[in-house]
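Features reported for this protein in TrEMBL:
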type: COMPBIAS; residues: 1-12; note: compositional bias 'Basic and acidic residues'
type: COMPBIAS; residues: 13-28; note: compositional bias 'Acidic residues'
type: REGION; residues: 1-42; note: region 'Disordered'
type: TRANSMEM; residues: 49-66; note: transmembrane segment
type: TRANSMEM; residues: 72-92; note: transmembrane segment
type: TRANSMEM; residues: 99-117; note: transmembrane segment
type: TRANSMEM; residues: 123-145; note: transmembrane segment
type: TRANSMEM; residues: 181-204; note: transmembrane segment
type: TRANSMEM; residues: 224-241; note: transmembrane segment
type: TRANSMEM; residues: 248-267; note: transmembrane segment
type: TRANSMEM; residues: 273-293; note: transmembrane segment
type: TRANSMEM; residues: 305-324; note: transmembrane segment
type: TRANSMEM; residues: 330-354; note: transmembrane segment
type: TRANSMEM; residues: 366-383; note: transmembrane segment
Amino acid sequence: MAENGNGRKPENDAPENDATEAGDDLIPEETPGKPGGDRMTTGKPRGSMVLALAIGAGGGLLFAWAQLPLPWMMGAMVATTIASVAGAGIRVDYRLRTAMIAILGVMLGSAFRPELIDRAGDWAVSIAGLLVYAVTAGALVTWYFRKVGGYDAVTSYFASSPGGLNEMVLVGRAMGGDDRVIALTHSARILLVVMTIPFVFRIFADYTPSGTLLPPGAGLDMAVQDWAILAGCAVVGALIGKLLRIPAAFLVGPMAMSGIIHLAGVTEASPPSLLVACAQVVMGTGIGCRFAGTPVREIARIVKISIGSTIILLVFGVIFGLVLEQVTDVPWFVLVLAYAPGGLAEMSLIALALGRDVAFVATHHIFRIGFIVILAPAAFRLMRRGGGK
């Protein structure tokens, strides 16, 4: 196993699997002690999922009672991270996580309204800025990991790419990087960004939590027709996304299908708030469980290094947001949400909780993931061929 930051190859590699498109920043199956490890290589369950969900739900309830931002996801994430660091044997089965991600995709797609079509053409400048941000911030973070973190060149590069965790882990390992360090670094980045952004908005953007126990949404007494439409969006969208091998297929597929249905005005329904809260608990619990089975010293080292890289990425996001606000008329804090490297689902959920433009934020993160997944490995091969270090 990797015991230091030199990017040494771990002894037990994660098995190849077909889950690289299961969701942005999600690792469905890994070996014991790997971030996100749900199963052992024998296929037997590892750790208690019931305990994990109980801890996550307890954390979510505590955060909701305290009226903290995005309570069900953040509370579950914080509680299970603490439990993981304390040595609890907890896990979240990837099948449950995938189902909950599809529900979140349908919910995010329900924020797409017909008036969105009139605004979509105005996003070209901010999307172009996003690509410039990804390249410049990624290059600086790569340098930071090399000089400050002591990672090797391959590990630094793939640990710095802000998106497509599964792809970056697998490609980075294939090219000689330390997949454990890459995965832990991305997991720490997501953890830090998700914990930071809502509080920043509370301080600087006049965000106030709703004060209700459950997130905004419909009740369980929806019409049967609406239930059927939303369920169809989840299932059909996930299948299409899987067949087309879209990055984050189980999130993007249902979100796209739901978005099309809502843009067409077929329904205005969205998943019930209770179901959304459950999905957020599973989401947050999954993030916290990634640290299960990892030595405390290694977690502390990775988190310490990741704090610096996260600050770099967020500061660059704020700078780009302030500049692009002048030419796009989009508020800088919405641009920060669209650029923040915290995961498509996580940032979209935060946008929804903050009452911001979910469609704008989600679309930009989809472009970010696609850009990095497609171009980052190819760019690294070109740099290596050209003698880049």
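Every residue gets a Cβ built from N, Cα and C, even glycine.
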Margin query: How about the transmembrane segment (330-354) with the transmembrane segment (181-204) - do they touch, taking at least 3 C-beta pairs under 8 Å (6 or more apart in sequence) as contact?
Written below: yes
Given the transmembrane segment (49-66), its same-chain partners at Cβ distance under 8 Å and 6+ residues beyond its ends are 72-80, 83, 88-93, 96, 213-214, 277, 280-282, 284-285, 288-289
Check: Would the transmembrane segment (72-92) and the transmembrane segment (181-204) count as touching if the test is at least 3 Cβ pairs under 8 Å, pairs 6 or more apart?
Finding: yes
Legend entry - Proximity of the transmembrane segment (181-204) to the transmembrane segment (273-293), 3+ C-beta pairs under 8 angstroms: yes
Is the transmembrane segment (305-324) close to the transmembrane segment (99-117), in the sense of at least 3 CB pairs under 8 angstroms with a sequence gap of 6 or more? no
Contact set of the transmembrane segment (123-145) with the rest of its chain, CB cutoff 8 A exclusive, min separation 6+ beyond the ends, reads 151, 155-157, 159-163, 185, 305, 308-309, 312-313, 316-317, 320, 323-324, 327-328, 330, 335, 338-339, 360, 363-364, 367-368, 371-372, 376
The answer for the transmembrane segment (224-241), taking Cβ pairs under 8 Å and residues 6+ beyond its ends, is 21, 98, 102-103, 105-106, 109, 248-250, 252-258, 261, 266-267, 269-271
Outside the transmembrane segment (248-267), at least 6 residues beyond either end, the same-chain residues with a Cβ under 8 Å of its Cβ set are 21-24, 98, 101-114, 116-117, 225-226, 229-230, 232-234, 236-242, 344-345, 359, 362, 366, 369
Same-chain residues at least 6 beyond the ends of the transmembrane segment (305-324) with CB under 8 Å of its CB atoms are 5, 125-126, 129-130, 132-133, 136-137, 140-141, 144-145, 148-149, 160, 162, 185, 188-189, 192-193, 196, 330, 332-336, 339-341
